[in-house]
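Working notes, structure below.
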Amino acid sequence: MLSSVLRSGLRLPAASFRGSRTPLRLLSSNGFDPSIPDEWVEEPDETEGEWKGCTRRFLAPIKINSRGADILNNPLFNKGVSFKLGERDRLRFRGLLPPRRLNMSLQVQRVLEEIRAEESMIRKNEILEDVHDRNETLYHRILVDHIEEMAPIIYTPTVGQACKEFAQRFRRNRGMYFCEEDRGHMAAMVYNWPQKDVHVIVVTDGSRILGLGDLGANGMGIPIGKLSLYCAAGGIAPHRVMPVVLDVGTDNKELLNDPYYLGVQKPRLQGAAYYHLVDEFIQAIRHRWPNVLIQFEDFSSDKAQKLLNKYRDQVLCFNDDIQGTGATSLAGVLGGLRAKGEEPTALGEQRILIAGAGSAGIGVAQVLYQAMLEHGRTEEEAKECFFIADEKGLLGVERSHQLSPEQAVFARETDGGLSLNEIVNKYKPTMLLGMTAVGGLFTEKLIRDMAKNCERPIIFPLSNPTTKAECSAEQAFEWTDGKCIFASGSPFDPVEMNDGRIFYPTQCNNMFVFPGIGLGVTLCGAKTVSDRMLYVAAEALANYVSEEELAQGKVFPNITTIRDVSKKVAVAVIEEAIRTGQASKLKDKHLVDLDAFVAKKMYDPVYVPLIEKRTIEI
């Protein structure tokens with residue numbers, strides 16, 4: 001019996017260490033050093049001459065049902081050539097891998113070299129997704145350690161092109177699809193998903209993918225990319241996330257005629273049929289995973305707000321385009337006020353011009369409006385701060401019958417229809433925010449007039465991808481002579497002026513808030529995502545920016561700090577949930593040090609020992 005156990009690869013206590021003067025410890029996930037090839041590492045003995053014994057801190061093994069080649073084909077468990085000989089024996093795939101073992105640091109370096117050898121961003125994306133499909137732990141290790149370099153590859157601006165090429169690039173499925181033919185079966189279908197403990201779902205209907213429009217089922221790249229950021233930036237474990245496409249058809253004629261398109265080749269569902277399908281999906285998801293967070297992503301403006309209004313008080317959900325963009329923009333605006341030496345209370349004294357009256361533009365206005373109320377402004381005073389324009393000009397009451405209820409709130413009593421230039425010259429706004437997906441909309445004259453009327457205008461062209469940005473960082477700084485406070489939806493390089501001054505544009509990226517919000521609400525067991533949670537998330541992000549960064553014109557922190565930012569955002573959200581009695585999962589012991597509690601719960605991508613559930617235990 002004992003000999004068979006030893007042959008199976010199980011280890012007994014190592015008596016051979018008893019005579020050592022240097023205690024040994026097993027690296028934990030929080031103490032992972034990928035440069036060390038083994039799990040054992042020497043630790044100096046602080047008490048000379050006194051034997052303290054052998055101290056072990058270990059990575060708890062994962063029990064799995066798989067063995068042999070099945071493990072190598074499962075990206076959640078596969079370690080590639082990093083499997084040790086004992087594991088190869090124990091899990092019965094010895095001989096199925098090359099004999100030499102590479103530790104994780106070498107695996108990471110090999111992938112980085114391959115990525116950096118490519119000039120094409122879409123090719124870099126393909127390399128990373130290939131790793132994603134083979135080895136999720138390695139993939140997320142690369143993202144965590146090199147997030148500044150990798151974020152533009154896995155998400156904006158590259159993800160837009162990846163979505164356009166989704167059908168041609170399809171190799172291995174990731175996520176679930178629900179369509180009209182699945183009506184009446186969704187409650188059963190959700191049990192096809194192999195993971196029992198899903199915490200976060202990102203769902204799109206593909207109708208408004210970034211600034212690219214209707215991409216139908218090809219929009220799956222958006223939930224996949226967002227959830228990669230949830231894992232790497234927010235510390236949600238990859239087996240606890242699920243990307244979803246509601247394939248309700250497409251009105252994109254090119255896709256309707258594409259023989260290789262993988263989605264439903266019918267015009268989009270509309271009206272009651274559409275909303276009934278969404279409702280069945282929500283009910284099915286909630287039946288299997290009652291506490292899951294559902295993030296709506298890239299729904300068309302005519303659907304996004306309606307869905308949010310229907311479900312926001314019923315289930316744990318939020319819309320990233322509306323609420324996430326709003327919270328991130330609020331953080332940038334608060335940072336901009338700090339950069340100008342003004343307090344947050346000065347928000348209610350601003351004149352804010354928003355170009356774009358879709359779900360994102362109105363969402364930003366709503367969050368800024370709520371923040372003004374937080375700081376003591378009346379509803380009427382707050383509304384007077386906003387000038388929102390669409391392709392027909394300034395929203396005015398004369399168009400109320402054409403506006404959504406959310407748009408009508410911000411319709412002006414006079415001057416409806418004014419152009420952007422006319423608004424700037426008449427009302428002299430202090431902020432210009434763009435969410436139109438119209439590249440180059442902010443002309444030289446418009447921006448120069450902004451700078452003429454305001455000493456330090458806040459200019460945020462927030463549309464994605466880069467080709468859809470309303471202006472570039474170089475244009476904004478050049479046309480304002482470096483006086484503007486700038487942030488953008490897509491990344492831009494530092495700008496060097498003719499006089500040698502260098503400006504560092506920062507990215508107003510939703511990844512600064514949505515991973516932390518998701519981490520916070522799922523850890524504490526919140527039932528809804530409240531407006532107040534969005535505000536405290538924005539406040540936590542704004543306060544994270546240092547004075548040194550503000551002095552450089554940065555209103556968002558460096559993306560390399562994203563995991564710490566997410567932790568701070570999560571703590572702020574949890575504190576708000578506690579204040580309002582929503583923290584159903586937390587116990588008194590968790591409240592002693594919320595920061596440490598959240599940090600401990602964040603996923604850290606390291607290789608952990610695997611054992612087969614059928615292994616004999618002694």
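Each Cβ is built from the backbone N, Cα and C atoms, and glycine gets one as well.
As recorded in TrEMBL:
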DOMAIN    132-312  domain 'Malic enzyme N-terminal'
BINDING   R208, N464, N509  (S)-malate binding site
ACT_SITE  K226  active site, proton acceptor
BINDING   E297, D298, D321  divalent metal cation binding site
DOMAIN    322-578  domain 'Malic enzyme NAD-binding'
Filtered by Cβ under 8 Å and at least 6 apart in sequence, the residues in the chain of D298 (divalent metal cation binding site) near it are T204, D205, G206, S207, R208, I209, L210, G219, I222, D321
Rounded Cα distance in angstrom between E297 (divalent metal cation binding site) and N464 ((S)-malate binding site) is 14
In whole Å, the longest Cα-Cα distance within the recorded (S)-malate binders R208, N464, N509 is 18
Rounded to a whole number of Å, the separation of the Cα atoms of the residue listed as 'active site, proton acceptor' and N464 ((S)-malate binding site) comes to 14
Across the domain 'Malic enzyme N-terminal' (132-312), the model's average pLDDT, rounded to a whole number, is 97
Note: in the chain of N509 ((S)-malate binding site), residues six or more apart in sequence with C-beta under 8 angstroms of its C-beta are A151, T156, T328, G489, F556, I559
Around the recorded divalent metal cation site (E297, D298, D321), other residues with Cβ within 8 Å of the Cβ centre, ordered by sequence, are T204, R208, I209, I222, F296, F299, A304, N319, D320
CB contacts under 8 angstroms to N464 ((S)-malate binding site), restricted to the same chain and 6+ apart in sequence, sorted by sequence, are T156, P157, G160, L210, G211, A437, G489, S490
